[in-house]
Amino acid sequence: MLFDRICVLLLGLILLAHGCFGFYLPGSYMHTYSTETELPFSYYSLPYCKPPEDIKKSAENLGELLMGDQIDNSPYRFRMNVNETVYLCTTKGLTEQEVKLLKQRTRDLYQVNMILDNLPAMRYANQNGVKIQWTGFPVGYTPPGSNEDYIINHLKFKVLVHEYEGSGIEIISTGEDGMGMISENAKKKAYGFEIVGFEVIPCSVKYDPEKMTKLHIYDKIDPVNCPSDIEKSQIIREQERVSFTYEVEFVKSSIRWPSRWDAYLKMEGAQVHWFSILNSLMVIFFLAGIVFVIFLRTVRRDLTSYEELDKEAQVQMNEELSGWKLVVGDVFREPENSKILCVMVGDGVQILGMAVVTIVFAALGFMSPASRGMLLTGMILLYLFLGIASGYVGARLWTTIKGTSEGWRSVSWSVACFFPGIVFIILTALNFLLRGSKSTGAIPISLYFVLLSLWFCISVPLTLLGGFLGTKAEPLQLPVRTNQIPREIPARKYPSWFLVLGAGTLPFGTLFIELFFMLSSIWLGRFYYVFGFLLVVLVLLIIVCAEVSLVLTYMHLCVEDWRWWWKAFFASGSVSLYVFLYSIHYLVFDLQSLSGPVSALLYLGYSLIMSVAIMLSTGTVGFLTSFYFVHYLFSSVKID
């Protein structure tokens, strides 16, 4: 069908129709990545054909820049419902450096990510009789038992389109998010096509360079069959001239526009994934319910038997019995490094709030996979604006512990700088490694200034404002007075920290299955879509962290150990230790193909950031639960 005036967006590059049948479609951005090195590189760092116009980069959001997604326009041309086989270009003789780079990218299993109308190119492959789905196509391949490498220089595109009819509408343009702009046209009944799928079959074909150089870009050629004979494939060798071609086939599909992402979000083994998650939820709910019931009965029995006695009997009971009632004069004694505790709890509130809000919005469908980088961008903005909550909690906890608001400014500044400082140090170290590798994943200096400006202009003022509000809020009155002389803690057969570190295994049991799928989506280039399950797991994790910390705090008080503050924090926060150890396990056993020390350090650096964030958020849940429990417990007993 012909449209009189149609313009489409090629991720920042505008292509206009040239009076031919059909119209040009949104093209593609080219981006190379590898699950072996995890270092992204620019598509045009390899000797590929360049577009007739200059290479143009599309506008990228903050998340895309941080992930190293460099978006470039491509030379591939698509015209609606026009099936054609097209010549692109022939390179000059490959130089030694180009051959070395192509071989290295091939051996490292680099993939080219390509997008048409915001849909990634999908490739299907059969491995051991199982149909596997990939996004993108490889730079090249190495046949089994061969030392030679072959470049992918011919692409077979299959574009799935859905034909629709509508009364009084006309598509006049389509944008990056696939939202068509429409105009009223009551004079005629309009129809058109929607792109609902994009598949690619990569081939390596050896052409005669003398014959191919006589052609011009976009000249039509005869259809090409992917050769099964290795002798007819294009080898990567010095002075070899590589010709690039492609063909496009449009196929009508019954898939509708709202369902076009279903093929990408469909994961192999989904039933196993669902069963594992549900099984984990059932086990943890059952175990947590038992612990919670036993705990409530024990505390209620202690409180009931204690309050039914008269005052003289209570005094006698205090002299005869041991347990949590004997630490009444020390239970709210200021802990060691109280300032650091306030800072970590404040940062934990900020990280936990960011995680909860982000996952809720993602579960409700606001974080579409079509919006690249928006998930990370949203998380950063939420973290910045939740600085007011972290400052408030940190300053109020400081006021409660100290009994005065003096020093709240120092606490608020520390809250604003603690976690961002850790992230900044790790990212800076990793950035030097990425720059040394000339990867597009390296953060530009300009982006550093943008991030610092956002932090200093948004997060810091809001954190200080939250701290000020925390000091002005009504202070939390402690139910008992603290003795001047600390009570001696009875000797124990084993260090109490063993129990604290071991307690992290229960929260980890709720998390590790989902953690596997999250790590796979991050490091193996897969789509993560089960945000509903992730929300359930997050809620369950919060409940279990609260219960575990609460039980351990009660156990420590029962053995007259009044130093519960830090132990309550790390009882649930120790789950981060197991997360980091599991990340190392995943690196060793599931990312065996990861090559090079730079890649391993990159993985471990990001895993360390994730583990610190989990420690602060889960530790905060456990500490605040234990604090309010201890406050309620000693408020329920009248003590003279």
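A Cβ is built for glycine as well, from the same backbone N, Cα and C atoms used for every other residue.
Annotation source TrEMBL lists signal peptide at 1-22.
The transmembrane segment annotation in TrEMBL covers 274-296 (among others).
The transmembrane segment annotation in TrEMBL covers 340-367 (among others). Non-local neighbours of the transmembrane segment (340-367) in the same chain are 374-375, 378-379, 382-383, 386-387, 389-391, 393-395, 397-398, 401, 411, 414-415, 418-419, 531-532, 534-535, 538, 565-566, 569, 613, 616-621, 623-624; each lies 6+ residues outside the stretch with a CB under 8 Å from one of its CB atoms.
Annotation source TrEMBL lists transmembrane segment at 373-399 (among others).
Residues 339, 342-344, 346-347, 350-351, 387, 390-391, 394-395, 398, 442-443, 455, 459-460, 463-464, 466-468, 598, 601-602, 605-606, 608-609, 612-613, 616 of the same chain lie 6 or more positions beyond the ends of the transmembrane segment (411-433) yet place their CB under 8 Å from a CB of it. Residues or ranges marked as transmembrane segment in TrEMBL: 411-433 (among others).
Per TrEMBL, the feature transmembrane segment maps to 445-469 (among others).
Residues or ranges marked as transmembrane segment by TrEMBL: 497-523 (among others).
The feature transmembrane segment is assigned by TrEMBL to 529-552 (among others). Residues 265, 267, 273-274, 277, 280-281, 284-285, 288, 291-292, 295, 355-356, 359-360, 362-363, 367, 369, 499-500, 503-504, 506-507, 510-511, 514, 517-518, 567-569, 571-572, 575, 618, 621-623, 625-626, 629 of the same chain sit 6 or more residues outside the transmembrane segment (529-552) yet have a Cβ under 8 Å from a Cβ within it.
According to TrEMBL, the transmembrane segment annotation covers 564-588 (among others).
Annotation source TrEMBL lists transmembrane segment at 608-634 (among others). When Cβ-Cβ distances below 8 Å are used as the criterion, the transmembrane segment (608-634) is approached by residues 299, 303, 324, 328, 331-332, 341, 344-345, 347-349, 351-352, 355, 419, 422-423, 426-427, 476, 478-480, 507, 541-542, 545-546, 548-550, 553-554, 557, 564-565, 568-577, 579-580, 583 of the same chain, each at least six residues removed from its ends.
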When only pairs 6 or more apart in sequence are counted, do the transmembrane segment (497-523) and the transmembrane segment (564-588) reach 3 or more Cβ pairs under 8 Å?
yes
